[in-house]
Amino acid sequence: MGNPENIEDAYVAVIRPKNTASLNSREYRAKSYEILLHEVPIEGQKKKRKKVLLETKLQSNSEIAQGILDYVVETTKPISPANQGIKGKRVVLMRKFPLDGEKTGREAALFIVPSVVKDNTKYAYTPGCPIFYCLQDIMRVCSESSTHFATLTARMLIALDKWLDERHAQSHFIPALFRPSPLERIKTNVINPAYAAELGQVDNSLHMGYSALEIKSKMLALEKADTCIYNPLFGSDLQYTNRVDKVVINPYFGLGAPDYSKIQIPKQEKWQRSMSSVVEDKERQWVDDFPLHRNACEGDSELLSHLLDKGLSVNQLDNDHWAPIHYACWYGKVEATRILLEKGKCNPNLLNGQLSSPLHFAAGGGHAEIVQILLTHPDIDRHITDQQGRSPLNVCEENKQNNWEEAAKLLKDAINKPYEKVRIYRMDGSYRSVELKHGNNTTAQQIMEGMRLSQETQRYFTIWICSENLSLQFKPYHKPLQQVHDWPEILAELTNLDPQRETPQLFLRRDVGLPLEVEKKIEDPLAILILFDEARYNLLKGFYTAPDAKLITLASLLLQIVYGNYESKKHKQGFLNEETLKSIVPITKLKSKAPHWINRILHEYKNLSLSEGVSKEMHHLQRMFLQNCWEIPTYGAAFFTGQIFTKASPSNHKVIPVYVGVNIKGLHLLNMETKALLISLKYCCFTWQLGDAGTCFQIHSMENKMSFIVHTKQAGLVVKLLMKLNGQLMPSERNS
């Protein structure tokens with residue numbers, strides 16, 4: 001806990017899990033936790049408030065842990081039922097943080113107080129009192145520059161988020177953190193008054209109608225030994241071996257205070273059976289709690305299939321952090337393994353609590369047929385290692401169980417076999433097939449390395465997952481193949497779309513965080529080509545809203561790039577038919593503007609071809625196209641979908657579906673139907689705030705004092721990207 005004399009200011013993070021399942025997960029999810037925060041007014045701004053952690057002062061001469069627990073109880077009494085307060089399980093010092101301002105040179109400690117799992121208890125809202133917030137919602141908007149949090153609180157929350165992520169990777173740490181405190185685990189404490197040294201020791205203990213002195217006298221009078229045996233070794237210098245010959249477990253331990261009138265001492269031959277009953281109870285409880293695991297152990301294919309039809313999760317971990325497939329592979333149940341993989345769509349690389357995979361279990365047990373099934377799975381990671389850095393082949397050769405030689409041969413042969421491949425598309429429709437050396441464990445960074453781009457070019461692009469109406473950018477450590485598999489769940493979480501109509505594909509696209517100043521310095525022809533293809537795609541789809549003159553210039557450049565120099569005999573007015581216009585003019589302008597633009601486009605095309613000062617090298621023309629696009633507000637934006645409400649009349653509202661574009665310049669709203677630019681705001685000109693439950697966000701324009709709310713399930717992603725891109729800007733760039 002540290003030296004209490006050096007600690008004065010203490011901040012307290014009271015956290016609770018939303019359900020017990022999250023305690024056994026090796027993967028950290030912020031949405032599985034809630035945290036207790038205060039809301040306090042911002043100085044000088046009465047209506048605005050910021051969130052802070054609970055804060056207290058520590059008394060150097062008091063017991064720190066108990067003092068903090070008492071403080072939490074007192075602080076939360078107004079919001080809890082029956083004024084009981086929230087009782088923490090223990091107090092953990094996470095780390096100390098240096099203070100700023102007047103307190104420079106001093107430190108504040110952050111203590112973590114784990115609480116009980118969230119239940120149906122209703123906590124009352126009381127102004128000035130703390131309330132629980134979803135940790136994921138908090139972390140989405142948390143940064144040291146955010147006005148929603150005190151700076152020190154933001155710093156502590158970011159550190160707490162990282163700390164929880166690290167602790168989830170440690171076996172048994174999280175279950176131990178939220179385990180009941182030692183005092184809670186003591187059911188009954190009875191002091192034998194015959195051995196009480198002081199009368200005070202038996203206060204509040206079991207009372208039989210006698211004082212401690214009277215009971216002690218009675219027991220001493222009754223304690224008469226018929227036989228006395230001395231231990232000859234006790235107190236002597238003789239050597240002896242300290243060993244346990246027998247362990248006897250009291251089968252009634254932990255069952256509560258018994259009714260002594262009903263207890264019958266069993267006969268000696270029944271003692272062994274009573275001891276085993278405790279183990280039997282635990283096994284029976286495991287069978288009841290984890291039926292899928294039990295049937296995977298036993299290899300009951302029919303019942304296993306039936307349970308999967310009922311919707312039981314193949315990824316659920318039991319108390320030992322094992323999934324059903326781990327048991328099936330450990331016990332050599334071939335058909336059960338096949339059903340879990342094929343019908344249950346189980347991840348073949350699913351790790352248990354000790355970071356061992358199904359392939360490790362099958363190889364360690366020498367189950368060659370299961371090894372074969374796993375190795376032929378398209379998503380398998382042949383090079384996977386466990387917590388000790390061992391491959392499945394290492395485990396197989398160490399254990400030498402059953403048919404281990406055949407299993408080892410299969411593993412050796414698999415190393416040299418061709419890998420499964422995945423198509424990574426570009427925005428022009430072309431693609432490159434990339435080997436998946438680690439199956440569905442392959443990261444976005446590893447796929448980028450397989451694209452055979454130079455290190456310099458890789459900086460400008462990243463891997464995206466896109467379907468018809470949703471596009472998401474991966475971080476380097478994300479595993480794209482797993483996201484493709486989970487796409488229906490992702491769609492359900494972020495949209496109201498029908499998953500059957502949304503087929504995900506992986507794309508190589510511009511990194512949304514790429515600064516324009518960096519892009520303007522790119523000279524590599526391949527990088528320019530990839531950027532050009534993406535810009536052209538977005539232009540034709542109507543995402544680049546610009547004046548007519550700009551769109552006509554871009555159309556003439558596309559004609560020069562696609563058809564070469566202008567020829568009067570070949571490129572007459574009839575040359576620009578409807579099909580040709582589709583390839584050079586935004587879809588939103590085809591009917592309304594394109595027919596009237598034909599002469600202007602041909603005129604600019606002719607002037608461009610005849611201009612001697614313009615290089616006709618392909619990458620130079622493509623760069624000119626990009627230079628014109630850089631001036632468009634929505635260039636390089638990531639687009640999300642949402643809705644805004646406007647007053648159609650005093651009595652009702654009109655719903656307008658919109659695209660929400662976020663780029664290095666700011667935020668932009670486009671009418672989803674017409675692609676008209678409704679609003680475009682630079683970072684210096686607006687503020688934003690995530691709404692409750694993460695289903696909307698509010699925008700306030702500082703120029704015209706206008707505020708509006710965008711309703712979207714993607715609000716958390718939008719706000720997080722706004723914070724990231726705004727944080728990248730230099731102060732001078734924010735106003736440009």
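From the backbone N, Cα and C atoms, a Cβ is placed for every residue, glycine too.
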Using Swiss-Prot as the reference, determine which range in 172-195, 220-243, 580-603 is annotated region 'Interaction with ITGB1BP1'.
172-195
Which one of 269-291, 430-452, 499-521 shows up in Swiss-Prot as region 'Interaction with RAP1B'?
430-452
Mind checking which residues reach the repeat 'ANK 1' (287-316)? Cβ under 8 Å, same chain, six or more beyond either end.
21, 322-325, 327-328, 331, 333-336, 339-340, 343-347, 350
